[in-house]
Each structure stands twice: as C-alpha cells, then as structure tokens.
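Below: one structure, written as structure tokens.
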Amino acid sequence: MDIRAIVISLLISTCVQADRICVGYLSTNSTEKVDTLLESDVPVTSSIDLVETNHTGTYCSLDGISPVHLGDCSFEGWIVGNPACTSNFGIREWSYLIEDPSAPHGLCYPGELDNNGELRHLFSGIRSFSRTELIAPSSWGEVNDGATSACRDNTGTSSFYRNLIWFVKKDNRYPVISRTYNNTTGRDVLVMWGIHHPISTDETKLLYVNSDPYTLVTTSSWSKKYKLETGVRPGYNGQRSWMKIYWVLMHPGESITFESNGGLLAPRYGYIIEEYGKGRIFQSPIRIARCNTRCQTSVGGINTNKTFQNIERNALGNCPKYIKSGQLKLATGLRNVPATSNRGLFGAIAGFIEGGWPGLINGWYGFQHQNEQGVGIAADKESTQKAIDQITTKINNIIDKMNGNYDSIRGEFSQVEQRINMLADRIDDAVTDVWSYNAKLLVLLENDKTLDMHDANVRNLHEQVRKTLKANAIDEGNGCFELLHKCNDSCMETIRNGTYNHSEYAEESKLKRQEIEGIKLESEDNVYKALSIYSCIASSIVLVGLILAFIMWTCNSGNCRFNVCI
C-alpha cells in the first residue's frame with residue numbers, strides 16, 4: 001500500500017468512526033476434509049461419510065425372521081435327506097441358510113448332485129417350503145428298499161437317503177416298475193431322483209438281476225433314458241460305486257413319470273415351495289446371536305442408513321450398495337476458511353473475503369455489524385435453510401441414482417432363466433468396479449456443486465445487501481459496507497431482514513459522502529506538498545554530497561591545491 005492510501009485511511013478512520021455491516025459465513029474448528037474433481041483434502045465445516053464399514057460380526061435375524069443353521073450337514077446332505085441330518089427335516093421357514101463349509105455330513109454315498117450350483121441358487125430365493133411324500137414306497141410293486149452301511153442313521157444302523165428309495169431285486173426278480181407323480185398342489189414342487197452306477201456287470205446282476213437295465217424319466221416337455229455306466233471310481237465310506245442325483249422343479253399341473261428295471265433311486269419325499277423371496281446360503285464360521293438386522297452378510301449384520309457399504313458384495317436384505325471404496329465423504333457444510341487473526345484496522349469486523357466467522361450460531365451465512373452500541377452478529381436463517389434443503393435433496397438424489405441404476409441392471413438378469421441369473425453373480429465383480437467408479441465420480445461432482453453453491457449463496461447475500469443500501473453505503477470490497485449514516489441495532493435489523501428504508505437515510509448519507517470526499521481531496525493536496533518538499537530536500541542533499549566527493553577526489557590525486565595567505 002502506498003503512502004497516500006495509508007494517510008487517507010488513517011485520516012478517515014480517525015475523523016470518522018463509521019457504522020459498518022459485513023456479510024460472511026461460518027467457520028469452525030472442524031478437521032473434516034472432502035475431495036472434489038479438482039482438489040483433494042478441501043477443509044469443510046461438516047461432511048458425512050456415505051460408506052458403511054461397521055457390522056455386527058454375527059448372524060442375526062433378518063427383519064424379524066430367524067436364519068437356519070444346517071449344523072453338521074452340508075446343503076447337499078440336507079436336501080437329499082442324509083439320515084444323519086434328520087434334525088433338520090422339520091425346517092419350514094428361514095430368512096437365509098447357514099452352511100458350515102467343513103460340515104461332515106454331505107452325500108453319504110459316493111456320487112454327486114447334478115446342477116448343484118443351480119439348485120443352491122434356487123434355494124437362495126426360497127423363504128419357506130414343506131416336505132411332502134410324492135410316491136408311496138409300497139406302490140412300486142415287487143422290489144425291495146435298499147440300504148447301505150455308507151449311510152448310517154443316528155443309531156448307527158445302515159440306511160439310505162430319506163428323500164429317495166433305492167430299489168433292488170426281490171425274490172431274485174426286478175420287473176419293469178413305473179409310477180407317475182402329478183403336481184396338484186397349486187405350487188412349485190422340487191422332485192429328486194437318482195441313478196446307481198455299479199462297479200461291474202456282476203454287481204449289476206447281483207442287485208438288479210438284469211445285466212443291462214435302464215431308467216426312463218418323462219415329462220410333458222422332455223424325456224431322458226439313463227443307462228448304467230459300470231466302473232470303479234474314487235470312493236469313500238467303504239463304497240466304490242457311484243450315485244448321481246437329479247432334480248427338477250415342477251410347476252402346478254405338470255407330471256413326471258419314472259420307468260425302470262434297475263438302478264433307479266426313486267423319489268419319495270419332495271419339497272413344496274410355499275414362498276419365494278430373496279435368500280442366501282452363507283458359509284462362514286461366525287456365530288448366531290440374538291440380534292436383528294436389515295442387511296446380513298457372511299461376516300455380520302449391517303444396520304445403517306448410509307448409501308454404500310464396503311463390507312461384502314454378497315449381502316442380503318435392505319442393504320446399501322457395495323462399492324470398493326472405503327470412504328466417500330460428501331460435503332454437507334461449506335468450505336472452512338479460518339478467520340484471519342487481525343480483522344481490519346484496529347481489530348474491526350471484516351467480511352467473507354477475509355475468512356469465516358467462528359461465532360456464527362444457528363446458520364451458515366449471516367451478518368456482523370459495528371455501531372455505537374457495539375458489535376453484533378446474526379445468522380441469516382432463510383438462506384441457511386435453503387442450503388440445507390438443497391443438500392438434503394442432493395443426498396436423496398445420490399441414493400435414488402445409485403439404487404435405480406443398479407437395480408435396473410439386476411432386473412434384466414431376473415427376467416431370464418436361472419442359469420443366466422447365475423452368470424449375473426459371476427459378473428458382479430465387473431459391475432461392482434463400474435459402480436464404485438460411478439459412486440466416487442458422483443460424490444466428487446456433488447462436492448464441487450456444494451462448495452460452489454455456498455460461495456454463490458454468500459455472494460447473493462452480499463449483492464442483496466448492496467442493492468438494499470444503494471448509495472447509503474460504500475462497498476469496501478471485502479464483504480463489508482461502510483454506512484454513510486448512523487445505524488443503531490434496529491436499523492441493522494432492517495438491513496438484515498430486507499425492510500431497510502433507503503430514502504429515510506439518503507440525505508444524511510449524501511452529506512457524509514461529501515464530507516469524506518472533501519477529506520480525501522485535502523489529504524491528497526497535503527500529501528503532494530509534503531512529497532514536493534521531501535523531494536527538494538533530498539535532491540539538495542544528493543547534490544552537496546556529489547560536490548564534496550569531487551573535491552576530496554581531486555585533492556587526493558594532487559590536482560587540487562589550497563594556498564593560505566596571512
């Protein structure tokens with residue numbers, strides 16, 4: 001700042017103790033920071049983290065419905081009826097299933113469950129079923145029920161899968177047997193059957209008499225004939241032959257017919273699907289606790305109102321969308337600019353250009369004033385409430401945008417058959433990557449908009465005051481206005497609430513402006529005179545110095561001689 005400006009400011013501040021009003025915004029001691037598209041770690045007065053990272057660490061009831069733990073049985077052992085799993089046969093309803101990945105009781109006889117992954121996926125969407133007898137064992141005719149030491153019940157007695165019947169010869173005969181099941185339940189029914197593949201032709205004859213038996217399974221839409229494939233396979237539980245178990249979901253009114261002369265594992269019990277829903281089969285060793293949750297994962301329950309979570313992708317229930325980011329902070333306040341230590345001349349109040357105000361209560365934007373009654377500060381609640389409403393809408397819009405788009409993708413897969421739905425699980429990683437990026441980009445954009453909105457709100461408030469005061473004040477350019485008339489606290493309130501009467505103070509303001517302009521002109525004239533005198537004196541001193549320096553130089557070099565005569 002040049003000497004003239006300093007002198008003018010000193011004269012004005014000394015001669016005129018003007019009333020002033022400033023527009024500003026809140027600043028706090030908050031350490032919150034957010035990222036925008038162009039900046040990182042921007043200080044803000046407040047923010048919220050949209051990503052949930054906490055969970056219960058336990059299995060909980062989901063919306064009041066308890067889960068079911070399969071105990072020592074795997075899903076396969078439970079669904080086909082391993083005799084060691086009889087304690088689970090009464091299960092009817094669950095919110096989700098829990099399977100111990102190392103459960104000892106699976107398929108007790110060597111073999112496999114066909115399309116096991118698809119059946120698991122089907123049961124991920126079932127909430128309740130009932131177990132029902134499909135075909136009575138006694139109706140099949142001249143065959144015996146088979147049992148094996150590989151499948152022992154809880155008493156140690158040889159047995160077999162409780163939902164199937166293994167037919168073997170009776171009185172050295174195995175005639176062609178045939179039965180049909182008609183689904184008259186009005187609901188979908190899960191029907192299972194199987195084929196036993198002996199280790200040799202001799203074993204085939206021993207069990208079924210016929211050397212080349214067959215099994216024919218027929219529905220209204222397909223038919224398949226099974227031949228026994230003899231051979232030694234890797235075994236366990238003392239058995240080397242093989243059993244393959246099949247299943248079909250029959251819709252109301254459909255029927256299925258079984259015809260065989262050896263090797264058939266016939267259906268006995270099936271499952272009536274009473275309610276479909278959104279379920280899951282979780283596999284983890286965490287315990288079941290007495291708790292309730294809105295969202296369950298294999299590592300724990302999630303109870304939150306946040307938009308996203310990064311705990312686990314395969315979550316069940318009313319869950320935030322999974323993203324890979326561990327933190328996404330959304331600005332809910334304004335840019336946090338600390339107040340300057342020195343406020344104007346002599347500690348005077350200052351506007352938003354010089355930083356925020358730590359003393360602003362119940363608002364983000366407001367006014368400070370200075371008059372004969374002292375210094376006051378007040379929030380502008382109307383502009384603050386509008387900003388809060390905008391941010392609330394912004395948060396809701398983020399939730400709607402993410403939910404709507406994500407669910408529309410999942411909806412496309414739910415309209416096609418189950419195998420393609422299984423593919424949806426496999427591409428979820430790619431979908432998660434896309435939505436993690438989208439979520440981060442959306443939050444960065446919204447943070448930019450929020451901070452720009454706050455800046456605009458402060459400028460709009462400043463412009464509103466400028467238009468209200470008109471020529472009755474001088475805009476100092478820092479967010480403050482120097483009033484050209486006396487303005488007590490009541491007058492300041494009219495400026496804040498927009499009821500200020502400009503004409504009431506116009507004459508006083510006009511006189512004050514003329515007085516200030518006169519002081520400025522006189523001050524400028526005095527400054528110019530002072531500068532002229534200082535310039536003349538300085539020039540003379542420099543000239544005398546040059547002359548003395550020249551004389552001394554000539555004397556030293558012998559070119560100058562002084563003669564003194566008496």
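Even glycines carry a Cβ here, placed using N, Cα and C.
Source: prediction; values computed, not measured.
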Disulphide pairing with Cys487 per Swiss-Prot - partner from Cys480, Cys491 = Cys491
Inquiry  = Quick test of reading the record: Swiss-Prot lists a disulfide for Cys60. Which of Cys108, Cys151, Cys291, Cys295 is on the other end?
reply    = Cys291
Remark   = What remains of the recorded positions Cys60, Cys85, Cys151, Asn183, Cys491, Asn501 once a 10 Å Cα-Cα cut-off to Cys295 (disulfide bond) is applied is Cys60
Task = Calculate the distance in Å between the alpha carbons (Cα) of Asn182 (N-linked glycosylation site) and Asn488 (N-linked glycosylation site), and round it to a whole number.
result = 93
Message = Taking 10 A as the limit, how many CB atoms besides its own sit near the CB of Cys108 (disulfide bond)?
response = 25
Remark   = Sequence-ordered list of residues in the chain of Cys73 (disulfide bond) that lie 6 or more positions away and have a Cβ within less than 8 Å of its Cβ, or none, is Asn82, Ala84, Cys85, Asn88, Ala103, His105, Gly106
Ask   = How far is it from Asn501 (N-linked glycosylation site) to Cys491 (disulfide bond), counting Cα to Cα, in Å?
value = 9
Message = I'd like to confirm something. Which of the recorded positions, Asn29, Cys108, Asn183, has a Cα closest to the Cα of Asn497 (N-linked glycosylation site)?
response = Asn29
Winner by Cβ contact number (other Cβ atoms within 10 Å) across the glycosylation sites Asn305, Asn497 = Asn497
